[in-house]
Amino acid sequence: MYQLSSVDKKFPGVHALKAIDFHIKRGEIVGLVGENGAGKSTLMKVIYGAYQPDGGQILIDGKPVHFANPRQAMKRGIGMVFQEQSLIPNLTVMENIFLGYEAQFTRLGVVNWKAMAAAARKQLAKVKLDIDPATVTSALSFAQRQLVELAKVLTLEERVEGDLVILLDEPTSVLSEDEVKLLFKLVRELTSRASFIFVSHRMDEVMELSDRIYVMKDGQVMDVVARAEADASAIQHKMVGRHVDREYYREQRQKPYDRSRKLFEMRDVVLPGRPHKLNLTLHPGEVLCLVGTEGSGREAILRTIYGMLAPLSGHFEMKGEALRGFNPRRSVAMGVGYVPRERKIEGIVAGMNVYENMTLSQLGRYSKAGVIDVGREKALARDWISKLSIKAHSEFADCGNLSGGNQQKVVLSKWRSGGSDIMLLDHPTRGLDIGAKEDVYDMIRDMSDDGTGIVLVADTLEEAIGLSHTIVVLKDGEIRQRFDCQPGAKPSLYDLLHHMI
Amino acid sequence: MKLTRENVIRWAPALVLLGLVVLFAAINPAFLSQRNLARIALASTPAMMVALGVTFIIVMGSIDLSMEGVVSLCAVLFCLLFLRLGGSLGAGAWLAIPAILLCGAFFGWLTGMVHVRLQIPSFMASLAMGFVGTGAAVLVTGGDIVRIEDDVFRALLTWRILGFPLMVYIAAALVLLAWFIQNHTTLGRNFYAVGGGEELAHASGVNVRRVRLAGFALAGVFYAIAAIFQVARLGQAESVTGANLMFVAITSVVVGGVALWGGIGGVLNAVVGVLIVNVIGNGMVVIGLPNYLQDGLLGVLVIIAVVLSTDRRLVSFAK
Amino acid sequence: MTMQRIKPHLPWITLLVLTAVVGVVDPNFLRPANLLSLAGDIVPLFIMALGLTFAIYIGGIDLSVQSMANMITVIASIYLASLGAWVAVLCIAAGFGLGMLSGFLTTRLFVPSFISTLAVGGVCFSVAQWLSGNRALNMDAEQRNATFGWMIGHTGIVPNELFLAAALLALCLFIERRTVLGRVLKAVGAGEPAAKASGINVGRYKMLAFAISGALAAIAGLLFSVKLSGGAPTIANGFLLPAIVAVLVGGTPLTGGVGGVLNTLIGTLIVAVIRASMLYLGIEATQQQMLFGLVLIAAIALTIDRSKLRTVK
Amino acid sequence: MSTFIKDYIDREVMTRRKLLLAGAAGMATLAAPAIFGRGQARAALTDPAIAWSYRDRASAYWNAVVSGGEAFVESIGRSKSDMVNLISEGSSEKSLADIKAFLAKTGGNCAIACDPNDSPNARPVVEAVQAAGAYISTIWNKTDDLHPWDFGDNYVSHMTWSDEQPSEQTARILFEAMGGKGGVVHLGGIAANNPAVERLAGLQNALKDFPEIELLDAQPADWDTTKAAELMSSFLTRYGDRITGIHCAADNIAYGVIEALRAEGITDMPIVAYDGNPEAVKLVMDGQLLATVFTNPYWGGGISAALAYHAAIGTFKPSEEPQEHREFYGPTVLITQKDAAEFKAQYLDATPAYDWTNFWGPSNGQIQYR
């Protein structure tokens, strides 16, 4: 039905897509996996019309088509569900659903809100979402927004004669486990009306949902695997060109931590908006993983430790000192480092180079009376570039132009070079390809060995289980369960889920 | 309506306006006289039109600083055309009105083109186009004043209904029109879409460039209306007719609760903002404040108004 | 790729081209003494633009600089007699403090700098009117010469203002490139959330940026009042827009994090050359303003480096 | 025709013959020293460039100044465009920078007429002109401690208009129209401007003789029509019927006041203004204004350029002129309803032909400082 025939795409200096052949059948769910830089996003952009191929053909029902922009692709039934927050927050749900296609409800440019609301309700019903279409989008939860996003794409059904192809780009990244289940159920139901291309970094999800899986590497399709014969490690092998074995999470490097000392201790701490008392302790060398659904209170704890949030009551001791004033400066001064989830926004400063980013948190140490010693900064940067094999042409490289994994290495070296011994990692592997993920896992073990205590909010449960010494399961702001995770005696996924939901 | 934090903040500009009115009226009861209210309304009308125009631009997340030039140019062209067409509204000179609205739209569109096509940030593009507008007004008039004596046209100022001049009613109608455009037309909603997330709007198939151009052209129309009101109010036009409108209009819009970073607030906020600024201006004289204190006090009051109407929980930082 | 290479150099290429154009029409323009004097005359504006650069560098704006300079001319004229050279300290402290106030309003109370600085400017204007009793004041010429005469004399054919400007430029360049403050301001302009997440007290540095802007506006006002040997609450009117234009034309866009004080140097010189070109090219009086706007559009279109702007708003 | 204006015009306009006689006499006495090359920098310039530095092209006043300057330039056989316009746009900084650029361009071979925009700006302007060996005449703005005779020949003259007395006259006309009692408000110029100060002082002088008239309020309207209209409406609220007369510091302000009153349906309010712009004269004729004061910017524009030019080419030597020829008041003509029509016929409908070498004929005596 929809087909790409030896499609080529070149950018200055990069051959992004090399003779890609791709097809999708009516009602099929096709998975698309590959490391970052493998060409997935370029391929998606070609499919939904944002890029025009340099060679090859796009065929719909066997006939060649050409899309100059996404709108033309939409006219032929190709829609895109973007990763996170691609709805405009200050508009209402219905406006977002029909953005760019208001014409059907307008006469002389005047909008008939009643008609639009009715139509929006119809779309929302398709995704089983029962909300008022006049709700402002910013008031919705992440999961609701994802469904609205899907409802928006499904308007193609009414507008387009032929078949629909819907791209789902990392649709699960902000969803909790049960929300993911609901979404998958919905997608399967919707195959009666549309075909789906599903892109995700989460191999388990891709394998669960997809009928066939395209594996990409270096701008090429390495393999097409049918669900029946799909095998996670085989696929990962094809993606990275090597095996991802049990040592993926570096469990063999997990060593017992020092229980005699405490880096910080929370006793009966109550956070704003939550009634529960929290008790947490971090020891040197310990990886403490906070597990819970979105909104379970993991972030609030991280933010409290980092000093961005002040507890209402309770006792919070850091390195033997009771904390009263809470602010990031103080925390940083006490050796707390923070690797934020929004790497591009909070992690690195795009537009500044590597050494400028690395010393941003420790300018006091590299300056005298406010004057920076740039020579020492550069030396530091060169040192860490080689230590972590950061792929940057030099310490002068703009961090905005580095790949996600290298950006994360810069962020990590920013804190490690500053001697932080309490590291807060918020989704440190989000959006990274497998190779880069492994680098991050190695760095976590390295830090552990150095006696750094790590509080981790992991991207997946497997990651949490694999990496941690201790797992704390949170639900609705309350600590539900603690697990001790010695290598070989780790809790199972089920153990965790049981307490999360 | 519940007395929640959000509601208090949303209504803060209106409450500030109310507070100012009460304050001034307490010091000098004449402030609340119907005639003075009419005076404030009259003084507000041209600034109101400019504020409406620039609100659309600010909602888009852009800024327009060209209003002084556009108003001056439109005012002098309007007068010249009006006189050329017979100098009386009855005798065909009414044609000058649609002509000048078109002219305003064209100039606004031009600003938009400089901004969109040359990819110059709107701050600089509109600033430079403002110079061009004022310069063109100087070129056209050679620096002279152009007067309009037509009584029919001046009825905008002199004809009073229930104590308020005719132009106040027309301005009110235009506020409604602007509100309608904002809330009930595709274009108006697209302003919010662009202001809320330009790239997302583009990806959804909104022609962002066209929306921006339309926004600047629409603002130009409102500037042209402001020019006509300014001429109706003063009976004359010159190359400085639009002077001071830039800071007044933008201050008003922000004081009314429109966020400079786009997407938040709207026409009604602008209306309240213009009224706040004009109430302060009128009130300071009415209560007999020494003139050298007026600029400082205006500044302080504006800060208070903005502080009260900003939700500090939603803003992570201001620039 | 070549275009990428040329882009960062466009501001000074624009400056050279403009200078050459005027020079071709009237070679007199290119005499060193003439160029030096032209540069010397733009110094007060340059100093103001220099300060403004810091506000714009972090993505804000400072609209109070003109009123600040106005107020400083009044303060300088009044207190020169009683304070002597210490009046300079008073002026700079006043500028620094009021700039700090703008910064406080912006960073702590979240009032956009467009509004907060406009309001602080109103306060400055009120102070200037009140202090001066709404009159033009003049300094005692002898005392002026004794105290600040060095600012406005000549060394050879070089106006002394240029040394002052060079010293301030060097200082600002040092702040921008070599100090914690400069580094943090760059981070704030390019990505404030990341700077915050690195545990930096962003607010304090932003306040400092506005304070520097205020202090330099004060120095500009002081130099101007020394030059004029007097002050008045409106005497520095007409500084604001050219100063903003100078910063923007130099290639420091309002989005922050890009550009810097060297760009402002070039921007100010471009403004000076455009102004002088009106005279040298014999532009009609009634056409000058319009032409200024058009040349400005062309200059900005040439000088801004769009590759560093995320979205053009 | 009122005798006042008639006398005034007679004084100002000379016949061609008179001019030749006076000119010849002047040359004879002054040319000699010039030939022998005395003087500090250079004795005389040949064919100097001429420039007028002024605020902007957006007002009738400066347009008249420029026309006067151009008329002078044409009178010496050059074309209008030979007069260079240096527009300060209300910025002292630009004013100074432009003049220095002009000095540099001409290498000092120039004659400049100038309004320095703000009084402190006059000193650096004059100093720069002297350093370049050029010649300058200023009008309106200079500080009291700056005098042409302290600068040898290069600072040729300063002309200003004593606004205090004419303003007092308009105030008296206003008070009489008010019947000698009631309340008056004053709408002034930019508060720190010299003319604004003097015009208010004139009003206050007149008040002394009218004890039953109360000055209700005086606030600046910044020479701006829109601001004047807004200020006037606020005055109406504050003082209401107590306002029985309005004293405006400028015609531009009066336009705003009249429109603010028109909006209220008030048409019989006694108002006086200042500047004598064509529109204002018409308003006087229509009875909407009681009086305005004409300062003859056309003549001022022409004669300032003429003074600088003739000093530059050595027609006369400024340092040998008495002080009342170096610092003097310009002419002022009170225009009331009685003589407005004649004034219009004489000055506005036709441009009088002035003798641009009769430098001090219409002037009003040496500037007095207090």
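The backbone N, Cα and C atoms fix where each Cβ goes, and this holds for glycine too.
Note that the structure is predicted; figures quoted are calculated from it, not measured.
The feature transmembrane segment is assigned by TrEMBL to C:12-30, C:42-60, C:72-97, C:109-131, C:151-175, C:207-226, C:232-249, C:261-283, C:289-305.
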- [ ] Tally Cβ pairs under 8 Å between the transmembrane segment (C:261-283) and each listed stretch (C:12-30, C:151-175, C:207-226), then give the stretch with the top tally.
- [x] C:12-30
Task: Touch test for the transmembrane segment (C:232-249) and the transmembrane segment (C:151-175), at least 3 Cβ pairs under 8 Å - done: no
Task: Intrachain neighbours beyond the transmembrane segment (C:151-175), with Cβ under 8 angstroms and 6 or more residues off its ends - done: 32-33, 36-37, 39-41, 43-44, 46-47, 50, 53-54, 181-182, 212, 216, 219, 223, 226-227, 260-262, 265
TODO: Spell out yes or no: are there three or more C-beta pairs under 8 angstroms between the transmembrane segment (C:207-226) and the transmembrane segment (C:42-60), with each pair 6 or more apart in sequence?
DONE: yes
Task: Long-range environment of the transmembrane segment (C:109-131) - Cβ separation under 8 angstroms, sequence gap at least 6 - done: 55, 60-68, 70-71, 73-75, 78, 98, 101-102, 210, 233
Task: Long-range neighbours of the transmembrane segment (C:289-305), counting only residues six or more past its ends (CB under 8 A) - done: 7-8, 10-11, 14, 18, 245, 248-251, 253, 258, 267, 270, 274, 278, 283
Task: Surrounding residues of the transmembrane segment (C:12-30) on its own chain - C-beta under 8 Å, 6+ positions past either end - done: 6, 249, 266, 269-270, 273-274, 276-277, 280-281, 299, 302-303
- [ ] Using a Cβ-Cβ cut-off of under 8 Å, list the residues of the same chain that are 6+ residues beyond the ends of the transmembrane segment (C:42-60) and lie near it.
- [x] 66, 69, 106, 113-114, 117, 159, 161-162, 164-165, 168-169, 172, 176, 185-186, 188-189, 192, 206, 209-210, 212-217, 219-221, 223-224, 227, 239, 242-244, 246-248, 250, 252-257, 259-261, 263-265, 267-269, 271-272
